[in-house]
Ligand code: AGP
């Protein structure tokens, strides 16, 4: 939702903070700002718009000092504007805070503070923290105690960082919900919402837990818990390199991440599969006996990860013969689900910080249900709070529109289904070997689809002005249709909807008129004939039809206006291939429409508020 950074050391804080914010901009880009302490004085610069606007302001009005905090915002309370940009200061402008999350009781706190004479400068929820903390400090509480006292008054989710003239050599921070990571340097120390902002400076990190208060100086890092007891630092080494965060020669991170998929899936296959038989999972969190006793799985996730969960349902039912339900996280955590002893919950998340999904995990654990999570970001909150974790190994995904994480989720689900199906004797070694051999060929087949990139760019040009788009599919490719629609709508802003192809005649077909674009996924398989009859229904009403078909299909050209061919693949693995043209189509339409592909409006990469 937002990105926060902090620095104290021997470098010019402004430069370090801007580098960090640039790596976090994918978390929100409605406004940005920094605050530093220079010669004991607080300075603040903040600006509506993307980080570029702040950098331009700082070029003309730089801030000195080797200690500071920074923020890049995804607006929740108060429209994007200069005055609602973070950092926010107290009434005396001696203290500044940056905040990621939501203070749910801010109105009550604001009224209380205004009655006590505080004057607010913004419409945000975050500003109450600056005034509250200033009050506790002026009451004589030492900074860590003042922060704990402030923390105890706040309801909601927050990762906060603070600098002040009261403590000119120290950055303080507190975490309750959204992530916060300490970066350990030599003669300098860092804070950030995630490790992407730290890679340029250090690989040694400490993940801050909920309820912990951090005190950072250039030479010392101390952490205390809610009871003000010191906490031992669990230092971890980040494996990623900063160049993993670079988009290289690609115009956008999204395009780079689409083209990374073949290599990535090949690497994942090699690292997890041996002899086309043995599948390695380091930490599933359940013993083979426990896995064997499970008969029901509830998958909960959001957005693209939810679509992967829907594919996972088909895979786990087909290969493991489990009962599988799939919920969007924001529904799961409020429906008081019936979860019994034979049930586990599976969370799927790229970021590992999605508040809805995290809340779902906590709901499951409150009912003593084991949780296995498929997560891309190691050390993320979902990673650390799950009983078992299957890391996606997709590397940092910077583009807000998820692509490589989706296919990495799919391959993880296929491998889990093979492993689990064999454990439960629902699938034999020969069948597993057959699927694994098919899976091993996916990267090369993906490469063949990516070779159609120019053709897809030309196709996108024919539809860049469309107002509505339909995506339809059946079985394993009903979720793919949903995913294709989400990709297009979230980066091109065209109204796009995915439907089960069989559902069109139950209402949606009323929307089809002359030239309405419809993408139909008609790969060779058990649902081909039925989906082609749905295509005919659309055609009869004047729709413009783009069909994804299997190479060698000579029938489809009679009905479709455009055909995108994919290599032959077993139906169970087909989403790994059918999604790729849809990713490229969405990408090129968005580029042709002049949209900000990597940072689409109103969105953020990691939705850390409910
Ligand atoms: C996908 O393209 C979107 N950016 C969004 O729907 C995303 O999948 C969703 O917010 C879930 O994120 P997560 O996988 O990090 O939990």
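Numbers here mean position along the shown chain, with the first residue as 1.
Heads up, the Cβ atoms here are built off N, Cα and C, so glycines get one too.
Matching 52-71, 72-91, 92-111 against TrEMBL, the residues noted as region 'Disordered' span 72-91. Figure note: comparing Cβ neighbours within 10 Å for the active-site residues 2, 605, the maximum is reached by 2. Within the chain, the region 'Disordered' (72-91) has long-range Cβ neighbours (under 8 A, six or more residues past its boundaries) at 1-4, 21, 24-25, 27-35, 42, 44, 46-49, 51, 97-99, 102, 106, 118-119, 121-127, 129-131, 133-134, 603-604, 609.
The two recorded residues residue 2 (active site, nucleophile) and residue 605 (active site, for Fru-6P isomerization activity) have their Cα atoms spaced 9 Å from each other.
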